[in-house]
Amino acid sequence: MPDIPEPSPALPEPDEPAEPAEPAVSDQETGQEAGDEQTAEPAPGRQAGPLRVLLAGGGTAGHVNPLLATAAVLRDPEQGGDPATRLLVLGTNEGLEKRLVPEAGLELAYVPRVPLPRRPSGDLLRLPQRLGRAIGAATAAIEAVEADVVVGFGGYVSTPAYLAARKAGVPVVIHEQNARPGLANRLGASWARAVALTFASTRLSASKGRTEVTGLPLRPAIARLVAQRSTAEGAASARRQGAQALGLDPDRPVLLVTGGSLGAQHLNEVLASSLTGLPAQVQILHLTGRDKDAPVRAALDAAIAAGAPADLVERYRILDYLSTMEQAYAVADGVVCRSGAGTVAELTALGLPALYVPLPIGNGEQRLNAADVLAAGGGRMVLDADLCAQDIIDFTELITDSARREEMAGAAASTGVQDAAARLGELIRQCAVGQDRDHQEQE
């Protein structure tokens with residue numbers, strides 16, 4: 001295999017927000033089953049043998065996690081993959097990919113991080129030179145892996161990858177995580193061979209290719225939990241195991257509250273104000289965010305002093321961070337959370353009712369991400385500025401009513417996609433070997 005390009009020096013830019021916030025762009029499902037054998041002849045110009053794929057994405061977990069899940073399925077023979085598939089990940093040396101990609105056993109090549117300025121500035125004047133450097137690094141990565149296809153997940157890394165692939169004549173497959181597409185994916189969709197969507201309501205399509213709703217590739221641990229929960233016995237076993245690990249009673253309802261790895265200060269504060277009004281039988285699993293647990297513990301002490309039941313201390317499990325989210329999901333009967341694409345995809349795949357509180361920054365994609373599940377009746381939404389203690393109390397009372405909880409869980413599951421990684425993997429393989437063209441001719 002040719003040498004992997006050396007890391008290009010990244011240009012200093014402001015930190016990315018905790019959740020992806022690409023610029024807004026205002027403005028189906030067919031093909032082979034995931035397990036079908038690959039029998040097509042190589043596409044014109046493609047050498048026979050294992051697929052060679054460049055995966056572009058990084059910065060935040062919203063881009064990195066689905067990329068890693070897709071990489072895994074491309075090599076998984078049980079999901080139509082080939083262990084010999086050659087993979088190279090294109091990222092920056094600033095984002096989460098710098099740690100997570102090598103940990104997953106994948107090779108990582110770097111490009112400079114080049115945000116596209118939105119208003120006249122010195123950055124705009126320097127853009128052509130900086131973008132040219134990034135395209136050059138992306139071209140080197142394409143040549144290094146001898147890519148049959150470039151797969152992009154949006155974000156700063158994807159723009160130069162799409163442009164380099166277009167110049168090299170390599171097919172592009174785009175995965176858009178959010179309901180409101182970002183600029184990089186909107187740009188790449190103009191010439192992409194295929195666009196894969198997480199949500200059916202997303203307004204993005206491949207101008208000259210296929211558009212499919214594949215869902216969001218799930219993290220392997222979450223995908224395993226989805227499979228385990230497909231039977232009542234498996235769900236009960238997962239719940240018992242999760243409860244034991246987290247110090248909870250598997251026979252009592254559990255409310256999970258999380259603002260993501262960085263936490264959400266407002267969610268923490270509103271939950272604290274609701275403690276004295278929560279149903280007495282409910283257990284609370286509260287993931288506060290790193291280094292945000294001290295104020296929550298103080299609020300618990302204050303609630304006890306104000307007359308909250310003394311056993312609240314035993315029913316209220318406070319953690320600042322949990323690396324095994326599958327355990328939290330396994331025990332949860334309902335969730336209070338943000339509505340990032342990954343969160344919505346995981347909760348709907350698992351059929352978990354949720355009270356969604358969209359992140360009040362960015363381009364508003366979090367409000368749209370939950371639109372499909374809300375329309376189905378699988379969740380509720382309250383804006384961050386409007387969230388109050390009564391909202392959490394009302395939702396907690398709902399999940400203690402088994403009939404209402406099961407109805408909402410079924411509605412949530414009806415909008416979820418459990419095999420998104422396999423669907424996306426099959427789409428990538430078809431585009432790489434030219435089967436997508438056969439598909440288009442048949443339509």
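A Cβ is built for glycine as well, from the same backbone N, Cα and C atoms used for every other residue.
According to TrEMBL, the features are:
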BINDING   THR60, ALA61, GLY62, ASN178, ARG219, SER261, GLN366  UDP-N-acetyl-alpha-D-glucosamine binding site
COMPBIAS  1-12  compositional bias 'Pro residues'
DOMAIN    53-196  domain 'Glycosyltransferase family 28 N-terminal'
DOMAIN    254-424  domain 'Glycosyl transferase family 28 C-terminal'
REGION    1-51  region 'Disordered'
For the domain 'Glycosyltransferase family 28 N-terminal' (53-196), residues assigned helix / strand / coil by DSSP:
65 helix, 25 strand, 54 coil
Counting other Cβ atoms within 10 Å of each Cβ, which of the binding-site residues THR60, ASN178, GLN366 scores lowest?
THR60
For the binding-site residues listed here, ALA61, GLY62, ARG219, which shows the highest count of neighbouring CB atoms within 10 A?
GLY62
